[in-house]
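Database features, via TrEMBL:
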- R9, H16, Y124, R168: heme b binding site (BINDING)
Amino acid sequence: MTGFALDLRKSTATAHRDAESTGFLSRLAVGAVPVAGFAALAAQHYLIYRELESVGERMRADPVAGAFVDPALDRLPTLEADLRELHGRDWASAVSALPATERYTSRLRTACAEWPAGFIAHHYVRYLGDLSGGLMLGPALRSSYGAGTSFYVFDRIPDPRAYKDAYRTRLDALPYPPAELERLAAEAAIAYQLNIDVLRELGLDFPDDLAAAA
Ligand code: HEM
């Protein structure tokens, strides 16, 4: 890997470490979060992706950001299906935003809706993460929680590694000047922090549950 994709990975490596080592995710990976906590994460994802994918619809027409928008990535339908499995037909009434999720969706609305590079930053942090750690986490979540895990499956992306390679090639080819690439990387760091904040708030709402881990 060379070029901007590598720069972006390097500049966000510490943020990535912080995100993957949040207590909530570590406990989720071993089934030590109650199912209500797993469902609360799906609800926060639903609110975040509803905003991200709605910005994506508008970005489709952008000559640069439009190349990143791909229906094969769409997570909203999987989250709706998962929430229906977890909460039943009345799932929408079980979805409420944590303060950190409000901040995240508000950032997507205000900073990205009119700024293609900002949108790419948020797109990268979520979807490349979903195609990496998300796919790794999926089998463990399926064995712990059973229902509501289709978010962690990409039916329409049979070869995630090849997909990520092509994605990084698109990042390397971004036609932005260096200052704009720097702003994009700074926005990716913000996106990581917004994710970390959501995971920390979930960790406070669903603290260590040793009984479930046993
Ligand atoms: C259980 C927690 C996690 C694990 C085990 C994990 C693991 C990984 C691994 C192994 C990669 C490298 C994949 C590759 O080179 O193709 C990766 C990449 C990535 N992850 Fe995570 N991750 C986790 C959580 C997160 C979270 C919470 C986010 C952000 C919300 C995230 C965002 C990303 C991104 C954007 C990349 C691509 C980095 C790049 O190559 O530029 N990850 N992750």
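The backbone N, Cα and C atoms fix where each Cβ goes, glycine too.
Nobody curates TrEMBL annotations by hand; they come from automatic prediction.
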Additional residues surrounding heme b, by Cβ distance to the R9, H16, Y124, R168 centre under 8 Å: A5, L8, T12, L128, L171, A188
Pairwise C-alpha maximum, in angstrom, for the residues (R9, H16, Y124, R168) that bind heme b according to the record: 17
